[in-house]
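K.L.:
Below you'll find the structure I mean.
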C-alpha cells in the first residue's frame, strides 16, 4: 500500500508517521518538502503531488489551526483548509485514492449539553475556522471524492510541541493563583490515539469500502478546561514537582475574550466510529496521564 501524508510535522502528523509506517510505503510531506509539493497555499501544487505519486491512501493532517488568527485572515484559512482540500479530493478521485481528513467540533454551534451526532445534527460554525473546516467536508470531500473518511475531533494535544498541560504547568510554577475556564465542555484527545485509530480505519476501509463517510473521533468521558488543569496539577504533585500554585479558580468563558468565539459544548458522539471500526475509545484521562508521565520522566518541567 502506498500512503501519502500531508502535514507530517504537526502534532497529529508526527504521530501518523509512526502509526502509518507499518501499513506500507509512506511518503510524508510538509510545507517545506522539496521532492513534492506539500504546501497547502498552493492548491495546484498539492493536486499535482497526488497525480504524480498516485497513492492508494492520502492522509491529510495539514491545516490552518490558529483559530483566533483565522478571524483576521479568513481568505488564507479558506485556502489552506478548504480550497487545497478540494484540489486534493478531485485529484484523489482521478487516481482512485482514499482520502482521510480531519475536521472539528467547531462545525457545530456549541450549544446544549448532549454530544453532537455526525450526519444528523445541524452544523452552524461559530467562527471562521469552523466555517473553513465545514467547507472542507461538504464542498471538497463529500462532493468530489467518494472514497473518503472524515474524522471530526476536538481538544487535540500531543507530547510533542506546546500544549495546554505544559502551559498550565509553567504558569503553576510561576503563580500562586490561576483562573481557568469552567464552562466549556469537551474531551481531550491525544494525537497518538488519533493516529492509531486512523491506521486501523485505513486497514478496515481497504477491505470494506462501505465504511466511507463522516465520523466523530474523540476520547471518552467529558471535562472542562478547569478540571483538565486540576488533573494536570494533581499528577504533577504526585510526581514530586514543586508548584507555586495554591488556588485554582473556575471562571466563565467571558473572563478571557478571544477574537474567535469558542463553543460551550464540544462533546462528540462516537458510537458510529466505535461500531463500524470495532474499537473502544478510552477515557480522556488515560491519554493525558500517559502524556504527563512521559513529560515528567523525560524533560525538566
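The backbone N, Cα and C atoms fix where each Cβ goes, glycine too.
Heads up, here are the entries from Swiss-Prot:
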BINDING   10, 11, 12, 30, 39, 40, 63, 64, 65, 129, 133  NADH binding site
BINDING   11, 12, 39, 40, 63, 64, 65, 102, 129, 133  NADPH binding site
BINDING   104, 105, 155  dTDP-beta-L-rhamnose binding site
ACT_SITE  129  active site, proton donor/acceptor
K.L.:
Counting other CB atoms within 10 A of each CB, which of the binding-site residues 11, 65, 104 comes out lowest?
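P.N.:
Result for the binding-site residues 11, 65, 104: minimum number of other Cβ atoms within 10 Å at 65.
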K.L.:
Enter the number of other CB atoms within 10 angstroms of the CB of residue 10 (NADH binding site).
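P.N.:
Total other Cβ atoms inside 10 Å, all chains included: 21.
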K.L.:
Counting other Cβ atoms within 10 Å of each residue's Cβ, which of the binding-site residues 39, 105 comes out lowest?
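P.N.:
The binding-site residues 39, 105 were compared, and 39 has the fewest Cβ atoms within 10 Å.
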K.L.:
Does DSSP put residue 10 (NADH binding site) in a helix, in a strand, or in coil?
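P.N.:
Going by the DSSP assignment, residue 10 (NADH binding site) belongs to neither helix nor strand, so it counts as coil.
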K.L.:
Give the distance between the Cα atoms of residue 155 (dTDP-beta-L-rhamnose binding site) and residue 65 (NADH binding site), rounded to the nearest whole Å.
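P.N.:
Distance (Cα to Cα, whole Å): 12 Å.
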K.L.:
For residue 129 (NADPH binding site), which residues in the same chain are close in space, meaning a Cβ under 8 Å from its Cβ, but six or more apart along the sequence?
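P.N.:
Sequence-distant Cβ neighbours: 64, 65, 67, 70, 77, 81, 104, 106, 260.
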